[in-house]
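According to TrEMBL, the protein has these features:
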DOMAIN    654-730  domain 'U3 small nucleolar RNA-associated protein 13 C-terminal'
REPEAT    103-144  repeat 'WD'
REPEAT    189-230  repeat 'WD'
REPEAT    379-421  repeat 'WD'
REPEAT    476-508  repeat 'WD'
REPEAT    517-558  repeat 'WD'
REPEAT    559-600  repeat 'WD'
REPEAT    601-633  repeat 'WD'
């Protein structure tokens with residue numbers, strides 16, 4: 001049974017936020033979108049929703065330099081970004097390389113950037129109302145365009161290169177155009193009374209259409225600068241695009257007028273509308289939208305509208321950072337991309353094959369993901385944040401949700417793989433924090449929340465069309481404080497609840513109290529029944545997990561290891577193990593029998609609220625406050641097989657090592673000993689080579705860099721033992737040290753009696769040794785390793801320093817220095833090493849000269 005226990009899970013996929021608000025662009029071929037995400041720009045593949053490239057940060061950047069805005073060249077070759085540091089940076093869109101950076105010259109932040117139609121100029125609009133023109137070929141500022149007031153909201157070049165015009169709108173709500181060659185103001189378009197949100201030019205370059213938060217679309221004559229038509233749309237518009245005349249309006253039989261100008265726009269109502277702006281006629285209004293209406297007056301529902309002519313598709317960017325792509329002919333939703341989920345509060349596997357998950361985030365909408373493609377469907381129904389989810393094991397296409405809107409909802413996945421709400425329960429009087437379903441039937445489900453009530457809901461045997469009212473068949477005031485969790489036993493006979501009042505309670509099916517579990521010092525976050533034993537597990541904000549006996553309500557075991565609140569637990573391996581997630585961002589796997597934490601997984605940057613396991617326990621998915629969805633795969637079998645193969649390989653290598661030593665093939669044997677990291681075998685081989693009077697230099701020359709470093713590490717340890725120091729202080733070994741130091745490109749300076757060693761190895765191991773004596777004093781240190789009977793016992797730091805000192809003299813002077821008879825007391829004063837004791841000792845293992853000196857140096 002022990003062999004069935006899980007021992008290892010590894011991350012196989014991670015899905016993080018790629019759009020947190022700000023600018024967004026769709027490439028000409030429709031394959032990618034570029035999204036602003038915190039302090040970088042993500043290049044996201046539309047089909048797979050995976051981030052292919054990150055632009056905005058280099059390896060040399062030590063501090064975050066937040067991107068305020070960015071723009072993409074018309075040929076999709078370069079990206080330009082404006083940063084908090086006041087720099088404008090030009091990037092390659094192919095590999096994300098930084099091509100050029102320069103000071104913006106603006107007094108404040110840069111609010112908008114734009115490329116001209118031929119990608120030869122960049123315009124930067126500042127918060128002080130000035131536009132600066134940058135020549136990309138000569139890397140100079142060619143003009144400063146003045147006249148606007150406040151922060152620029154829109155900046156765009158005219159689509160005709162011969163016009164040399166750039167348009168901008170700032171806080172004064174006026175649209176201005178400048179000739180960027182001469183720097184003179186061309187025309188002023190006055191008509192909006194609130195923030196201008198978009199500018200678009202017709203193909204013939206005669207007209208311009210602007211939208212604003214003053215709830216109008218305006219058609220402008222570009223030659224005279226006059227408004228030809230002002231169209232009220234009765235909602236604040238955040239995005240508008242001009243559609244081609246070839247586009248077909250869904251469910252519209254008549255042929256479109258060839259002279260019309262058709263504009264698609266979207267605003268705070270969350271619906272896309274198509275207008276013929278020349279006739280002021282509404283041609284199409286979206287009937288079913290996936291965008292939530294703005295929650296308050298002046299709020300946002302849609303933040304941008306994107307059109308891709310090659311794909312014949314319209315992209316709606318929502319205020320909650322979703323990108324919804326519609327086919328323009330049918331207006332069907334073909335893709336939903338979730339740019340930022342905020343906190344992931346719960347998730348469950350659904351469907352028979354468990355190939356989909358439902359995710360509850362800090363939003364009223366549920367997200368229904370295909371696990372293979374991570375394509376998402378947004379499920380609407382709740383009116384406030386969804387807090388908990390539960391699926392019926394016997395009918396995996398039926399699941400329940402609960403929300404802060406005081407309701408529970410019953411959902412089903414139909415044959416078209418579409419999620420439909422089939423029932424609503426509204427008997428709670430406060431936020432509903434937890435739901436759980438029956439395990440061996442679909443008879444009922446339970447819920448609990450901030451009204452301190454535990455409720456049982458009857459599940460209808462058949463579902464009518466529409467949202468049916470679900471009946472609450474039992475209700476009980478279960479706790480004195482908020483109920484955080486609820487669970488149903490494997491046989492559906494018992495119910496468990498956990499509360500902020502630090503207790504868990506057991507209930508029968510008729511909600512009569514069976515017992516109270518007391519012992520936690522803080523609120524209980526999760527409660528689970530064991531699938532096989534009469535045991536309940538609870539986890540709490542006191543950082544512990546407790547196992548309770550149902551029979552006598554006693555605490556059987558306590559598991560401690562999390563550094564913060566334990567938020568979620570699940571049983572694994574037929575109740576033999578528990579996996580937990582916590583506010584410390586860790587997942588921990590516990591063996592119940594031994595009370596041992598078998599494994600800790602660390603991939604989240606915040607609280608891990610959600611934890612879902614598929615039926616065969618091969619896949620775990622976690623989600624947390626860092627907006628990450630992480631897939632973990634059970635690799636216990638693979639690890640055991642790999643470990644068995646590694647053990648077999650080591651046995652064969654060790655046998656080969658023994659055979660080579662027996663055949664006196666010491667060089668090959670030494671290489672194997674170093675590869676296996678066997679210091680004792682390596683020492684024996686070195687001693688055999690010394691006894692055979694074989695030149696170690698020839699042996700060391702046959703080692704590669706890694707093997708030499710391993711041998712150096714072994715020698716430092718041998719140098720601390722009287723039985724092995726001789727092999728460590730062989731002159732050939734000192735030459736090896738010199739080779740290693742030179743290979744690491746050590747910087748050595750020598751001037752007027754001072755020498756410095758810098759950057760030895762990694763930066764954190766850098767050693768700087770300064771000598772105040774002349775080179776003659778250093779000779780004392782130089783002689784130290786050539787005393788073959790000396791035994792140096794000191795801390796690794798001082799062993800490294802002395803070894804480097806000895807090598808440095810060879811490196812600086814370029815000549816061999818003969819042993820000196822000066823006292824080792826000089827070495828003590830030079831290195832300032834305390835507790836130097838000098839005594840004589842005769843080794844017995846290896847032949848050496850008669851005179852010997854042993855120095856022991858205590859750790860500093």
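Keep in mind that glycine also has a Cβ here, set from the backbone N, Cα and C atoms.
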Request  = Please average pLDDT over the repeat 'WD' (559-600) for the predicted structure.
outcome  = 94
Request  = Could you tell me what the rest of the chain brings near the repeat 'WD' (517-558), counting residues at least six beyond its ends with Cβ under 8 Å?
outcome  = 481-482, 484-490, 494, 496-506, 564-571, 574-575, 578, 580, 582, 590, 592, 595
Note = Tertiary contacts of the repeat 'WD' (189-230), defined by C-beta under 8 angstroms and 6+ residue spacing from its ends, are 153-154, 156, 158-160, 163, 167, 169, 171, 173-177, 236-242, 261, 263, 265, 267, 275, 277-278, 280, 305
Ask   = What is the number of residues in the domain 'U3 small nucleolar RNA-associated protein 13 C-terminal' (654-730) that are helix, strand and coil, as DSSP sees it?
value = 55 helix, 0 strand, 22 coil
Key: Sequence-remote partners of the repeat 'WD' (559-600) [C-beta within less than 8 Å, at least six residues beyond its ends]   = 1, 4-9, 522, 525-526, 528, 530-533, 535, 537-547, 606-611, 613, 617, 620, 622, 624, 626, 632
Ask   = Could you give the number of helix, strand and coil residues in the repeat 'WD' (379-421) as assigned by DSSP?
value = 0 helix, 26 strand, 17 coil
Key: Same-chain residues at least 6 beyond the ends of the repeat 'WD' (476-508) whose Cβ lies under 8 Å from its Cβ atoms   = 433-441, 443, 446-450, 452-455, 514-518, 520-529, 531, 536, 538, 540, 548, 550, 553
Ask   = By DSSP, what is the split of the repeat 'WD' (517-558) into helix, strand and coil residues?
value = 0 helix, 24 strand, 18 coil
